[in-house]
Amino acid sequence: MYEPGWSREEGVVSELELLPEPTGVSVSVSVSVSVSVSEQPSASRSSRLTVITIVVVVAVRAMSRLRRESSRQSVITVELIQFIIQYRAKETQEKKKRRLADEDDELSEVQPDAVPPEVREWLASTFTRQMATSRRKSDEKPKFRSVAHAIRAGIFVDRMYRRVSSSALTAFPPDVVRLLKNLDDWTFDVFALTEAASGQVVKYVAYELFNRYGSIHKFKIAPGILEAFLHRVEEGYCRYRNPYHNNLHAVDVMQTIHYCLCNTGLMNWLTDLEIFASLLAALLHDYEHTGTTNNFHVMSGSETALLYNDRAVLENHHASASFRLLREDEYNILSHLSREEFRELRGLVIEMVLGTDMTNHFQQMKAMRQLLTLQEATIDKQKVLSLVLHCCDISHPAKQWGVHHRWTMLLLEEFFRQGDLEKELGLPFSPLCDRNNTLVAESQICFIDFIVEPSMGVMSDMLELILAPIAPMNKAKPSTLVEHEPTANSTTNSAIVIPNSGITPSMEKPQSRTEAKTTAAECLARKSLTGSAASKFNIPKPWLSCLVENKRIWKEQAVKDAEARALATAAEEAAAAAAAAEVKEEGEGESKPETEAADGEQSESAAEPADGAAA
């Protein structure tokens, strides 16, 4: 019953420090038990003393163990734990309030007294995307029951992170590092990157962006699991060997949405979870694309069209296949999200991916224009991010000509392949899918005039409206995690290192947005708000000049194509006329001997009666 070194007859005094002295927070436990040797305790006092002794033993053991652990790890103070708990609780409440306030449905028009609370909760959970917030689920993360539990949890997390960070390091391709330094540019040359990265562009760009925004650290994503996940994503994009909808397109869209997040200040309007969801949606928005359109799936009666009832066939498949992949343990980068966080992220990713369906384009633009005309417009974050991703998805005509022209040729080749398949199946050609009757330049001019340019305009107006109130408070954009190139004084073979997963040029510690220290000029690449207070907030619009230049080149190309077609048509007509004339001459040549023979026969027949008459 009694531990060695402890005596019932002697007094015991133990004082332990829970945390080291430098932290500024110490928790001490003092237990004092005094028993006189000559005194004969009663049975009740004996039992009480036994209980006290046991409590002392357990407390001393636990605190000694905790002290050993804390001496080996970085110390997390009690004040820090309490601040984190209070902050997270306040942030959760604000998220719930914003979700309820931003929800665009008719439930808000129902008076609170009109229906019982249970019915209202059922309406909200069944017919809207609102979550039931009045009840706490039993399987949600419990709050810390004591400061000691919080400290233990903090020490455990810190220990696990240090274990991952101190793992073996491997070299990172220098050419990839050099190209990733241009990741903040509007026109990022993903074609040059794929040559340097041996075609594995997803793992480099995705890991860099997740790390740059601190998502890997904040959501406790294991490097090994992230590497496996990105490898599977890359395989899914390369499954059908599409010329356009492949891993390069995924990275191009992901980089473009990164530009919109950091260079416009949009990231300051979003939470860390919403930023993570936006990057993830951009990465997965065309996962396992078949290289054919929704119309082809519907017309051919594919299994995918039957599964999704001809509605947003590919977009539904992209979202569904992505979350099926994330459900597998070895690829689940979302395993450390709480249930509430997972629901929020899943809902946002699905909404954004489904928003890339082009059949919703004009409806989406019309709805946003109407919201922007309101005096006090309240725009739902899902609608904002869905429109941003949609614009990024169709943004290649707004990039520099070299990149845009290459994307255009790849997209047309994918269309032509679908046309060839439609011809084999006896289906009518889809628009722009006939190799012999597609006007490339004219199609791109119309695409820019009626789709891309208006979309980028609506997105610009929307971002300027929602970001203007927070413009003076905009934080610095996340600094790159790519190591700087070696200086002249450094060795040329200095290694650029990453975790043993081999997939990032990150520094040893990921930096959060608040830790990024840059100058005011580097904070946002936007027009500064100088002058009067009434000056309008503007975001950078590098796509405007690109659209003008690309349209000019396409118009020139259209004129050349028209002249070439006119010459080809004239040549064909001349050839046809020559062929007809030749046929006519051949016909006349064959008919002339026949005519002469017929004339000879007639003359002979006419001469015979004359001879007879003479006789």
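In case you wondered, yes, glycine gets a Cβ from its N, Cα and C as well.
Feature list (source: TrEMBL):
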DOMAIN    168-561  domain 'PDEase'
BINDING   HIS245, ASN246, ASN247, LEU248, HIS249, ASP286, ASP393, GLN444  AMP binding site
ACT_SITE  HIS245  active site, proton donor
BINDING   HIS249, HIS285, ASP286, ASP393  Zn(2+) 1 binding site
BINDING   ASP286  Zn(2+) 2 binding site
REGION    484-519  region 'Disordered'
REGION    578-615  region 'Disordered'
COMPBIAS  582-595  compositional bias 'Basic and acidic residues'
COMPBIAS  606-615  compositional bias 'Low complexity'
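Features recorded in TrEMBL, as mapped to the structure shown.
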residue	record	Cβ within 10 Å
HIS245	AMP binding site	22
ASN246	AMP binding site	24
ASN247	AMP binding site	26
LEU248	AMP binding site	23
HIS249	AMP binding site	22
HIS285	Zn(2+) 1 binding site	28
ASP286	AMP binding site	25
ASP393	AMP binding site	22
GLN444	AMP binding site	24
Looking only at the domain 'PDEase' (168-561), what is the mean pLDDT?
-> 87
At the Cα level, what's the spacing in Å between LEU248 (AMP binding site) and HIS285 (Zn(2+) 1 binding site), rounded?
-> 13
Using the recorded Zn(2+) 1 site (HIS249, HIS285, ASP286, ASP393) as reference, state which further residues of the same chain have their Cβ within 8 Å of the centre of those residues' Cβ atoms, listed in sequence order.
-> HIS245, ALA250, VAL253, ALA282, HIS289, THR356
List the Cα distance (Å, whole number) between ASN246 (AMP binding site) and HIS285 (Zn(2+) 1 binding site).
-> 11
